[in-house]
């Protein structure tokens, strides 16, 4: 009679090796496809929030700092579980954990859209009537001594990891394109007669169907979670091998269970967790990487959160146009940079020092290109009552409490009312009344106001002295700056993303292999807690300081910003971004210097032990798995 070991061996040999390999490969492919889909959905959900920031501000009458806090709410949810999942996740059913996470993320995205269904109709003007079908322009105020006509009514591993991150860029690309399409759709579609809406997507009060994006992202995320619940715990173990395990004798199974339970008790021990955490936090290279990654991530998060608003306010494009630009131009560049960065690392077999230098040089180039944005800031718009006097003849020192002019002082205008009109003289007026207009013709979007006294005094020869609904477009010089800005951003994002792959690889290659998951998890925790949450808030707070005209909410409080000081906005936005990046560059220098000192120390020890390795060889030395172990001794001191 054959014993159990012989039986198992014979049974295993009976299974064709090619069949076992094929089944294992198929499961891995399924996992990779499911993981890629979940990455895409995660990117899609994140971009939907970023690209909807401006519209959410307008819809709920909130400032940029408040919208930044809402945006950071996604990261707050991650903080409760990210480190523990990173540490204990390898000991649990990882596919199911990923599936549960995708389902929760999708549910949260759908819940984000719910406020739309509980709010009343969007009121973009004081003249919006109770019946949404009566959003007509006949109620717009003109210059009149009797202002009782104004109505205040309320309404109701390396390349594989470069590849996976590059593939995840598909989600943000789809997100920006989707957001662009939804931004063209009026927020209350299905509830309101769109033919009566007099504002256009380029109007500073326009709100698109932001909620549709969250619904789509949520449903896709829930769908992406389904495959994970049908995957085995171990992808590299075939079903036949699992069946063979069940044939082992009770004695063998009992012995293995004792060993496994002992290992789990040791690894899951809380003291072991904190000991491992202490190990990575006392690693100087890891700590420096944490700090510089935080600086870089904070600048990237702040930029991606408010870049759509920046393009809108700086160059006069609509939310839809800004989103389609970012989705079709910027993100493919980022994906390309990430992939090429991973390829370079593998192709040239870069060492830790080589990866650090690559990241440093690419970020220096990105920093230089970003500096060019200071020269691409447009001049402030010509707005009577904010940047010019109401008669349009002189600039004002401050946009606060600009006095009325003789051309509109007798019109009894509401200076808080925002219904921008563009004069024949190229100057924007905050309302037809403040432009001194006496009559009007047409309706809805094509309405024209005539006999505007404040336009007349500017010296324009046109006797009509008329204004049309909407802001005046930017001048040709600003348009040229936008084209240059687009090219600069492509180069900026390319070099930033080119250095991101080696930077990420450095995070887990500067610690022992067994601490890799914890190192990456704690790195993500730091970025989310100290970058993902506060960065949108302080970026938003500084952007708010550049606001020249605030809306007034239905309860009489400060609402969202209607127009910004372009120069102050540009200097603040670009200056804060560059400050964070410059701090990261300094830390890169410290990191490279520290690496050299550590390897030079190893070279000195090796020389004392009679070894003749050169310093350059030590700079390239890694352990067998390609990781740097700070506490490792020389081969003469310890031989495994």
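Here the Cβ of each residue, glycine as well, is placed from N, Cα and C on the backbone.
TrEMBL annotations: computationally assigned, not manually curated.
Of the given residue ranges 482-508, 509-535, 536-562, TrEMBL assigns the label transmembrane segment to 482-508. Long-range contacts of the transmembrane segment (360-378) within the same chain, counting only residues at least 6 positions beyond its ends with a Cβ under 8 Å from a Cβ of the stretch, are 296, 314-315, 341, 474, 477-478, 481-482, 484-485, 488, 491-493, 495-496, 498-499, 566-567, 570-571, 574, 577-578, 581-582, 584-585, 588-589, 592. Predicted-model confidence for the domain 'Major facilitator superfamily (MFS) profile' (31-595) is 83, expressed as mean pLDDT. Note on the transmembrane segment (285-311): residues 50-51, 53-54, 64, 68, 71, 317, 319, 321-323, 325-326, 352, 363, 482, 496, 503, 506-507, 510-511, 519, 522-523, 526-527, 530-532, 534-536, 538-540, 543, 569-570, 573, 576-577, 580-581, 583-584, 587-588, 590-591, 594-595, 598, 628, 630 of its chain, located 6 or more positions outside it, place their CB under 8 angstroms from a CB of the stretch. With Cβ pairs under 8 Å as the measure, the transmembrane segment (208-230) is packed most heavily against 166-187, out of 166-187, 323-345, 482-508.
Residues 36, 39-48, 51-52, 55, 59, 116, 122, 194, 197, 201, 206-213, 216-217, 318-321, 323-324, 326-328, 331-332, 334-336, 338-339, 342 of the same chain lie 6+ residues outside the transmembrane segment (166-187) yet bring a C-beta within less than 8 angstroms of a C-beta in it. Note: the domain 'Kazal-like' (401-456) comprises 7 helix, 11 strand, 38 coil (DSSP; helix = H, G, I, strand = E, B).
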